[in-house]
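What TrEMBL annotates here:
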SIGNAL    1-16  signal peptide
DOMAIN    17-98  domain 'Cadherin'
DOMAIN    99-213  domain 'Cadherin'
DOMAIN    231-325  domain 'Cadherin'
DOMAIN    326-430  domain 'Cadherin'
DOMAIN    450-541  domain 'Cadherin'
TRANSMEM  549-572  transmembrane segment
REGION    638-663  region 'Disordered'
COMPBIAS  649-658  compositional bias 'Pro residues'
Amino acid sequence: MNAYILLCCLFLQIKSDKIFTGEVIYKLEGPGVDQDPKNLFEIDDKTGWIRSMIPLDREKYRSFTLKAFALSPSGERLENPSTIEIVVLDQNDNRPNFSQKEFAGSVYEFSVPGTSVMSVTATDADDPTTDNAILSYSIIGQESIPPLRINKTMFGINNETGAIYTRDVGLDWEVVKGFRLILQVADMSGMGLTSFANAVIHVIDINNNPPRFSPYLVSFTNKVDFVIGWVNATDNDEPGTGNWETKYTIAKGNPSRNFAIRTDPVTNEGILSVVKALDYESQEVYTLTLTVENVNPLSIKAPKNPVSSATVVVTVVNENEAPRFIKDPIEILVPESVVPGTVLASNIAYDPDNAKLKYDILRDPEGWLIINHETGEIAARKPFNVRSPHVKNNIYNAVIRVTDTDAGGISTTASLVITLRETNDFFPQLFPLMGTVCSESGRKTSGLFLTAVDEDLPPHAEPFTFHLQDINVSANWTIIQVNETHAVLRPLVELETGEYAVTVLVTDSGTPSLSAYAQVNVTVCPCGKDGECKAEAAAIFGTRVGVSFIALLVIMASIALLLLLLLLAVAVGNCRRHHMKKGEGLLVGDSDEDIRDNVLNYDEQGGGEEDEVRHYNMLQLAEPSYLVTISPLGKQPLRKDYPDNLPSPSYPRKPPADPTDIEDFINDGLEAADHDPNIPPYDTALIYDYEGDGSLAGSLSSIASASSDGDQDYDYLNDWGPRFKKLANMYDPR
């Protein structure tokens, strides 16, 4: 099949090169016909002419690939299909466009010709392989900012690349700040379609103008931290930049650095001030030489002029100056247990004018300090305490004031910082002071854990050491150090059940170390497999009970007997009431001795609510006398709230003659018993002993023998106090 391509007219004819006897029908397939984009081309099925149905856009569709078929009227292929390539020719129908409406660039002042400034770009949608897309750049206008400062052409542009560069000299920021250029781009090498854009080029200032002082002479007076005055220098470079910003320096006349100068960031002025006190007695006048430079270094294009300088004269005025401390803060290191009266600091301040000074303590929250108001000597008023709430990290702060005695009296204050060094001034305290251990010596877990507390701070507290001092105790007991703060007290042999007193010496690690003895009351009891006292043993041998089982039975039997005797005495009294004569006392017997002198006073030896066992007082009745004695098996318990072997207090043995003082007599006996160190401790059963054969009280039977059938007067019992009123009411016939 032959194909004829007509590119200019977009026409093409196909024709089979074979000879057919019958009719030939031509068909066309592909993009632009029966595929997207459809209906762009059509074919004459009889002649084979292909033509476009609408105008074609090369920028949208550059080419089409179609297939042509030769068919018989019945649709049978007469030969193989042919491929037809249709190429759309480009026309210059698109203008070139700049990539930006306005371009921005910059260039340093005094740049030499040929210095690159910036580049501009443009695009063209036409075929880049044709002249339709060959672009050419040009500058068609220039305007200076501010206007009319420079009239000559200062910039050029490469017509192929769009690179803009300087063409001439004379760019001076002090004269012109920038330029506005009008750019043009055209296709077909500058002969075709055109477009326009703007370019703004800023001129960058360089540091080519050093700051200059205006020559002058000034004079000021002095004050510490006081601004003396302002100096100024001019700079023609761009304000707000490092080329314009100035840096002032005191070049001469300030060897002791009494003065300083800084730059005001807004006005660019130099602020001169006094930063160190001036002494009129040592120097009256200071002549300062100031220099000024830019923050940025000068450009090599700047003129070679010397650094600008100015002279400032400062005149010192004699004034009453405040006293001065030699050190602020005043730092002192002392032990916390400093002896009162110890001098802590002296010679702490002076006055520049040699005036007499007066010293005071403004702040001393604990009142630990005392100061000599004339000499300023600081001493300790009393020992320090590192545990004070005003001591933080072992530092105690106070404030000292010194005032001169000149007219006006100027004062100065300073901080007094006292660092307290910890000393070992507290004894270690052992605890617990009581406990329970198993009676079986072979138990590894048997033992009482002990520790200690010490109010001192490290390194004067732990580690603690524990020792047994008594040789006799060491034969049965041992103490094993567990760690720095704990030890365990264990029996070495199998001990009988009961209570034991073991004296332990505990020592701290201070310098020098302190030791303290403590008596530990240990209850030895049989233990179960778990290492705890057995339930029945705990009820008898517990550290809070300490009473044997037999003693418990004796106590219960004694209580029953006492109740029986009391009931018997009440019954007898009721039977004899009608035989008593009026005017005879209830307790009046054959003896002429006042029966009140024979009343025995007893008190409970326990500690009140803190006791967890019952305590029983000894009860002694009048004749016939019945004496109940309760004594537990085992050792005598020791009282833990008093030291050993102290003498017992004197008990009041004879009641006062005045019945109204009986209550005081009873209270005195109670107080003496409470402070008796040889009685059992609060948390053990009370121990009672036989009190003797005789009774100081009259016989109970004497009440009946001394009475008659007549009535007696019992009113005198009301004078004996509240406790005898009930007895008086029982026998009073009224």
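The backbone N, Cα and C atoms fix where each Cβ goes, glycine too.
Taken residue by residue, the domain 'Cadherin' (450-541) breaks down under DSSP into 13 helix, 42 strand, 37 coil. Residue counts for the domain 'Cadherin' (99-213) under DSSP (helix as H, G, I; strand as E, B; rest coil) come to 3 helix, 52 strand, 60 coil.
The domain 'Cadherin' (231-325): residue composition by secondary structure is 0 helix, 39 strand, 56 coil, according to DSSP.
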